[in-house]
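Asks: So TrEMBL says this about it:
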type: DOMAIN; residues: A:88-278; note: domain 'ABC transmembrane type-1'
type: TRANSMEM; residues: A:29-51; note: transmembrane segment
type: TRANSMEM; residues: A:90-112; note: transmembrane segment
type: TRANSMEM; residues: A:124-145; note: transmembrane segment
type: TRANSMEM; residues: A:151-171; note: transmembrane segment
type: TRANSMEM; residues: A:210-233; note: transmembrane segment
type: TRANSMEM; residues: A:253-279; note: transmembrane segment
Amino acid sequence: MTDTITRAVVEPAPPPTPVRRRRGRVRELHVLLALVVVLVVVAVFPGLVTWHDPYELDGLPFTAPNGDFPFGTDEIGRDLYSRVVHGLRVSLFSAVLAVVVALAGGAVIGVLSGLRPGGLLDRALGILTEAVMAIPGVLLALAVITTYGRGAFVAAVAIGIGEATGFARLIRGCVIQAGTLTYVEAARTCGAGPLRVVFRHVVPSIHHPVLSYTALHFGLAMLAIGSLSYLGFGEAPPSAEWGVLIAGGQKYLAHAWWVAVVPGLALTAVVVLFSRIAYLSQKDNR
Amino acid sequence: MTGSPSSASLPARLARDVATKLAHAVAVVFAAYSATFFLLFVLPGDAVLARIGTTDAIGSNDLAQLDLDALRSEVGLADSLWSQYLHGVTGLLRGDLGRSLITEQPVTTLLGEVLPNTVTLGAVSLAFSVPLGFLLAVLAVNPRSKAVRSFASMVPSAYVSLPVFWVGILFVYLFSITLGWFPSSGSRGAASLVLPVTVLSLLGAAQFAQVLISSLRTELGTTYAAVTAPAKGAGRFHTLYRHCLRNASFPFLAVFGLRVGQLLGGAVVIEMVFSRVGLGRLMVDSVKAVDLTVVLGIVVVLAAVYVAINVLVDIGYVLLDPRLRRHPASATRKEADA
Amino acid sequence: MTPLVWITGLTVAYRRAHDDVEDTALESVSLDVPAGQVTAVIGESGSGKSTLAHAVVRLLPHNGHIRSGRIELGGEDVLLRGDREFRALRGRHIGFVPQDPVASLNPTKTVGAQLKEAFSLARSPLSPQAVEERIHQDLLDVGFADPAALLARYPHELSGGMRQRVLVTIAFSQRPRLVIADEPTSALDVLVGKEVLTAIHAARVRHDTTVVLITHDLAVASRNAQHVVVMERGVVVETGPVEQVFAHPEHPYTRALLASSARVAQGRVLSIAEAHLRRAVQPVRETGQPVVELEAVSKRFGTARRGTLAVDGVSLTVPRGSTFALVGESGSGKTTTSRLVLGLERPDAGSVRVLGRSVPDLRRGELRDLRRRMQVVYQSPFESLNPRLSLRGIISEPLDAYRIGSRAERLARVDELLDLVRLPRSYRDRRPTELSGGQRQRVAIARALALRPELLVLDEPVSALDATVQARVLELLTELQRELDLTYFLITHDLAVVSDVAQRVAVMRAGRIVEHGTTSDVILTPHDDYTQALLAV
């Protein structure tokens, strides 16, 4: 028997996984996640990094960016930098709400329809999902706003409902695919019950694509909420939500470009941050 | 390899497929109508209250004195929900979307006035974005220079991170305010189309390119492209154009239908940026006025457009992809032995 | 006998992405390929034999590159050619038959278009008429009865063997001097693989082509090649004429490789029957009632009109304490049969009795109780183990699921099981990705044994493993059967495996059992044509 042990060990082990290749990506991912933490802190305590009140008329109207007003001032002399920083809270947290709604709704629908693909429930939910997909997200949100009234959080929930369809499709596909994995079937034939199979094998095997998709759609939700605010259905002025800021600055483009441009840059930067996180976490899964 | 006796001829199978897809499409439009109807007319609110709330015309003290019931019956909301729904559905079957609660004009007339504008904008943008998307995708995989490839593959993902309305505003600033080349607003003449079409077709191209790049990379990695074709003496260019581009278009086609819906949503926002007459303006005005029937009408029409495009895409898929056009000659279900 | 290809000091390395580290796949490989003959390159996975094939046609993956060496083709050092000049060699002077026939043809182009493309890419001087005639003749030569009908077909309408023969036709179409076939039969069933090798042989003889045959299968090498190159971990360990190397292997690795196959003796490959006779016959200990009884079982997939009968009236009996082998090629219904036994599929007709219980009639809880007594070992240990769990988590999964014993007891049992499958106890915290294929399969066996089952369903337990590893895993299974008094229900495509371990065998084809009996009877005196064909490979 000792003989067989040594023989078993002699079998060549596979080359070690290329750890170093992953390390670069993981480091970048960590830096970006740290940035997200900074953003959240700033969103909760905007006073930490600003020195003007976002609603006070501290400067002259349309002051160009300078040392005291890094992003300049708006049409009535409010500090644009302070307004952008304060606006982060609404933009960020309404996007969180949208993604939570989308993920929760999508997970329930996706898991229910993925458990018995082709079943009656799956077909019914499929038609429902497709019906919601057939309505462009912005229009669906507008329809919701028609009934519930305007506001960033109503807009966020509405956007979340629209995006839930994408999550539902993704999760359904993942659940179906996980069901065909040999090791999932092996667990079942070992006597593992359905709950055990789902939580020990299926969820860990699908959480990577779902997390990556969530990060991507977090950015898209911010864009959609910005669009709604821009159209006048999100936050109302004098809120500093970024869509509102851009809409407000549009009129003054000709002589004060920064009022509309800077909030747009901020929005883009945050969206790029999240889509980069999505990209990295997707590539990192093996 | 015996021919399967039950495999029907291509036209017969196609007809059956089309019939199934149409039935499914009708079910989806119906579901979209119903969902929106109940969202608008039931949950939990009351259109009249919402209307008061958003128009901001009346203070809360005056609210109590209003005869809400009278207001409701005035706009046709006093009937029971089900009878309203049945009324709506039968109207829908006849192609009648009801009348505006505000202007009393038929919804179809209102839509008929604005739809051509929006459709022109969407169709022209689409016509530009598909070739542009292919161009970007080819640039992202073909050139020898790694720098060119990574730059070309970065552009689409960067562009879709931009807020579309903000890009519109920047274009206005750059091309009409600063350079004065194109009008910044309005919906008359070809010149007014240039900027909105540019913004939208870039968005479409970026979205299409993202899909195409990943499917092209997959195709280039498969054995037939990576080994068989080069082993015959094919160069990179030949492999890409004669083999991969066509095969990579199939996943693209599958996504195309989905993206068209997003493009329509983008068109609504862009119409507002450029102050164009169109579906966007009508929608925004109706939402502000809580004109439920118009909102419902717009949603249904857009859902129908989306579904119709997807049916066409599905049929195109079957016609173009030989793997779907013909089933394997052998009807034996392969076991998962290998 | 002049060499057509002459390789000296060839070193190939793969660069890791985002990293400067390089893994050497070939380490100063030198060999020569005699003109007009077949040279087989043999080795197990990771030996670099495929890298060698791809390096010669310069089709390495994008992260692989040739670091040094010379590759001379007909006296010219082809490595001095630029990419564009080298491309002129492909197709015209070097043909290539890839490994996986399913992925190697463009799915959206007809077979005819892909054949003609070989001519246009090689700038063939033939007229279109002549091209068509030549394609027609070539297809007839590789065994297609009706070439005209074939040309209009798409790849998905062809079987794997047909696709591979199309690829052989493409490789030989420009009458190259050299054709490299990279594991041309490893993705195919044995009988189909034999047809493909026959096609290669026919084309080679007719056009006097030099062939390099990459293979892991010693029998294929000895039947088809005159010369052999043995590779191990990127290094050529031995070369020479086939008879000489097989009869008098000099390198220890070659000896180990040959010893792992029971079918090689005195420099030649024995038939399965001959190999069977050389083995000590294992006593059949059939005691008590049968463990598995199938009676006229049928299973259909799909609808009655369009579906197919995967299992068609199968009856079989597995006696306790023995190994019963169900043999068949892909699509024969053997896997479906095993799933019926496990209760993963319901039969449409007939009775399935396992350990005295009728499986289709069991309620969910009863089936779960029955599964404590029958466990499975799957084909691919790379897929059947959850890569995120440690070995301890994997092996104790059945114990956890049935809540057997305390934590400490389960831990002790895991150690016991690791001993049983001859793995060091220290491995319990490792993950499957840190183990080799053979070690992973041992883990899968340990998991299957955790509940002390009476019946093990072995679904192609060694077909994903290298030959030397296969032999050890089979040995382990035989030892365990003796120690633990197990009954095995073995699913396999390989009659050689059957001959090693099984007492009884049934041969399945297209859902039916065409022959069954004791292993010796079936292997030594087969009655069915199909069994005879399988044995003749």
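Placement of Cβ uses the backbone N, Cα and C atoms for every residue, glycine included.
I would like each feature placed in context: is it buried or exposed, what are its neighbours, and how far apart are things?
Replies: Sequence-distant contacts of the transmembrane segment (A:29-51) (same chain, six or more residues past either end, CB-CB distance under 8 Å): 79, 81-82, 85-86, 88-89, 92-93, 270, 273-274, 276-277, 280-281, 284.
If one looks beyond the transmembrane segment (A:253-279) by at least 6 residues along the same chain, the residues whose Cβ comes under 8 Å of a Cβ in the stretch are 29, 32-33, 35-36, 39, 62, 64-65, 71-72, 74-75, 80, 84, 87-88, 91-92, 212-216, 218-220, 222-223, 226, 242-243, 245-246.
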Asks: For the transmembrane segment (A:210-233), find every same-chain residue at least 6 residues outside the stretch whose CB is under 8 Å from a CB in it, and list them.
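Replies: Those are 91-92, 94-96, 98-99, 102-103, 137-138, 141-142, 145, 150, 152, 155-156, 158-160, 162-163, 166-167, 170-171, 174, 241-244, 246-247, 267, 270-275, 277-279, 281-282, 285, in sequence order.
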Asks: Do any residues, 6 or more residues outside the transmembrane segment (A:90-112), come within under 8 Å Cβ-to-Cβ of it, and if so which ones?
Replies: 39-40, 43, 121-122, 125, 128-129, 152-153, 155-157, 159-172, 174-175, 210, 214, 217-219, 221-222, 224-226, 234-235, 239-243, 267, 270
